[in-house]
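Chemist: Here's the feature list from TrEMBL:
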TRANSMEM  B:6-23  transmembrane segment
TRANSMEM  B:30-51  transmembrane segment
TRANSMEM  B:57-76  transmembrane segment
TRANSMEM  B:97-121  transmembrane segment
TRANSMEM  B:141-158  transmembrane segment
TRANSMEM  B:188-212  transmembrane segment
TRANSMEM  B:260-276  transmembrane segment
Amino acid sequence: MSRSGFKELAIAACLAILAGFVPLVFNNYWLSISVTAMMYIALCTSWVMFSGPTHYISLASGAFFGIGGYLVATGMSDYQMSFWLMAGISALVATILAGLIGAATLRLSGVYFVIFTLGLAEMIRNLVSWVQNNFLGSRGLYVLTDFTEAHIYWMLLVLAAAAYFLGWYINRSRLGFALRIIGNDETVARHVGINTATAKIVLFMTTGFFGALVGAVIAPRYSYIEPNQVFSPELSFMVVIMALLGGAGRLWGPIVGVIPFTLVWEYVSLQFPNQTTMFIGLIFLLIVFVLPNGIVGRLEQVAVKIRQGGH
Amino acid sequence: MDILVSGLLLAGTYALMALGLNLQYGVARIMNLANGEMLVLGALAAFWLYINAQVSPLLTVVMVGPIAFIGNWLIYRFLLVPLVKRSKNQGQLEVDSILATFGMSFFIVGIMVSIEGGFFAYKYLSETISILGSTSSLNRLAAFLLAVVIGGSLYLWLNRTRTGVAVRAVSVSTEAAGLVGIDVPKMSALAFALGGAVTSMGGSLISTFYTLDASVGVIFTMKALIIVIMGGVGDVRGTIVAAIILGIVETAVATLVDPGLTLASAYFIFLLILLFRPQGLFGRRTA
Amino acid sequence: MRYSGSALSVNGVTKRFGGLVAVDNMEFSVGEHEMVGIIGPNGSGKTTMMNMISGTFKPTSGSISMMGSRISDLPAQEITRRGVGRTFQLVRLLPSLSVLENVIAGAVFGHRKRWGREAEDHAHRMLERVGMDAMSYAPVSSLTYIDQKRVELARVLAGDPEILLLDEWLAGLNPTELETGIELIHDLRKEGRTVILVEHVMDAIRSLCDRCVVMSSGVKIAEGSPDVVLSDPEVIRAYLGDDDA
């Protein structure tokens, strides 16, 4: 088990290095798609770390991502702070927020958690608009940096790799084992001595941390930011879809889900711009009814069948 | 006083949509996150028929009921029953039904956008009236009264008829209800369909005084969920009280602070409930 | 404060569910190395009592102490860490984990924490102990009912509990399995473990327990050695009802 774990890590490292060359070989159009894909890989990987083992569907990605983008924008625009400092602060804020949300909801059943995260991005958007309109003055924010698209891509790659490595490390730790037990049977988990609430909250906080950092890193891409446009409920759903499409049972599932989805999405939103919402709905239904364990789960099923056929 | 009156009038339709959701979750055990879209569909029907055929929304309400009933029955029968059958435990069903109803909600939004991409704005019975010394509009009052009639009939049906009692029995315990000879799958389908119908009727009513658009459903889903949790799953009386609380608090925040903060105020209530009474206002802690 | 010698003491514990009093002012204690049976007709509150000891429920009033320190305010995981291990009335294994991983789960977070190689070796020993080591790498879905129960017992033992709670561990077994089961609990007794068991199998109670606590409608109606208690007219009445007695 431990050897195959290192093999997996080695493969991931090779892939990450290969991915590092993308900006050098792709033209601007493909690089821009790659940035989007890398953004989702980072978000989905951190999502799977928490939601994969626990089966708690988090729709908070949009909120954390928004915190990253908004704090970077407002800090740089209104207070002349450096990008790096604001990125760090936003990660801290999102981590704390995730901890508070976790403390309020993760002690209870999973449904409360899903419901709480469902409207979260929208609610924070409302709050931010209100604060912005009444106290800070309503106007757009500028994120002016020297970062090129390639820089953003590399930063996202580093984040994705970091999330993957952390996930890999946690999977092999006592915390990861605890989460697998919680995902199986929470009552048993408590009765073998696991502090289930703490384990879940800690993991959820890492999701918040990465969500905000991704939001912060991608902010310079848009240079002009409407305070409330970064809190996008839709993003939360995209993360869930891509992660589940790939398969939440494996840490590398998102990579398998994000790449084809981003390409198809690009095509659909160009060809059928008015049908994108319906398309998302159909993919959700496809996942539930046809691919309940994602593409990875289906591949593994096929692999098992082939192996059994060989005997 | 203004706040109390308009809060209460708003609460009527909130109660209706939350009752619908509560039937679906409490009896059929389906956490229907497309509930808000059912409401918006009802609103769209009222808007579209009024604009294009001058059909009175109050008449639409009557038509929407049976149509939504059949539609939701079909959804339950063909989309959700397979999930119920394949799930090994309640947790699995919860995750599956959440994802499936997300899918439905996006799909329905997609359809609605292609019918009407803008706001469902129309004027119907918008004369101002005075209730207990505070001004309101006739459409709000009419919607409230109809909501009371619909909610009241639902209550009587659940408590006074054989089928209604059977539905409530399923909500208390699926297994026990099955043991005393209640056709649980049939009652679940009935409850789900009825829940959808009630929610859609609420949507037609709310559209007379509240401007909606195709994508606003999720906000109503949130509010309905908060009401159901606050009132307690399967508890009609709790749902109504919770709807009144939410209606009044929201109206108060909208009037006194900022209309953009109604969702935030709903969240605030939600947070209080989660921290202090996660079992619902009247629920008993069952561990 | 030194404790009075009992491993576990239940002092005036009451549990209400809404209007229903499931356990009413229960009072008993269990000495170290003692095996105590809790018996009584269905619905008499035995499992509720077990659930309160293991921390699944909190008592409405009264207290439970272990080695003299109060545990009844603690959450279940904390009680486990203090050294109370339990099995479930309807066996609960972790379906997506292998047999070995199920047992490791008990070793890692429990009373004594182990990890890695050490936890694995320990889990193997526990599986051997219940006669299941050959099945270590099998998926749990392939196990028979008695084997599932053995794995669950191994999981609890892997946590080195000071006090072991067995909730109808022998229920649902066929006669041959029952013999194996009673044998296993006998071994636990020989090791000098402190055990509380809820049981309906009277032969097992007679041969295993040092002492019995009899519950009926949430109240303790008798306590003493199994032979004495089981011939107590009030106990017989509780089991068979007034008319039949």
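Backbone N, Cα and C atoms are what each Cβ position is placed from, and that goes for glycine too.
Just tell me what is around each of these and how deep it sits.
Modeler: Sequence-distant contacts of the transmembrane segment (B:6-23) (same chain, at least 6 residues past either end, Cβ-Cβ under 8 Å): 32, 35-36, 38-39, 134, 136, 140-141, 143-145, 147-148, 150-151, 154, 167, 191-192, 194-203, 205-206, 220-221, 223-225, 227-228, 231, 233-236, 239-240, 242-244, 246-252.
Sequence-distant contacts of the transmembrane segment (B:30-51) (same chain, at least 6 residues past either end, Cβ-Cβ under 8 Å): 17, 20-21, 24, 57, 60-61, 63-64, 67-68, 72, 76, 80, 93-94, 97-98, 101-102, 104-105, 108-109, 112, 115-116, 120-122, 124, 192, 195-196, 199-208, 212, 214, 216-222, 224-225.
Sequence-distant contacts of the transmembrane segment (B:57-76) (same chain, at least 6 residues past either end, Cβ-Cβ under 8 Å): 28, 30, 38, 41-42, 45-46, 49-50, 104, 124, 142, 146, 188-190, 192-201, 203-205, 207-208.
Under 8 Å from some Cβ of the transmembrane segment (B:141-158) lie the Cβ atoms of residues 8-9, 12-13, 15-16, 19, 58, 61, 125, 129, 131, 164-165, 167-168, 194, 198, 201-202, 205-206, 208-209, 236, 240, all in the same chain and six or more residues away from its ends.
Same-chain residues lying 6 or more positions outside the transmembrane segment (B:188-212) and placing a CB less than 8 Å from one of its CB atoms are 12-14, 16-17, 19-24, 26-30, 32, 35, 38-47, 57, 60-61, 64-73, 75-77, 80-81, 84, 119-122, 124-126, 137, 139-140, 142-143, 146-147, 150-151, 154, 163, 167, 170-171, 224.
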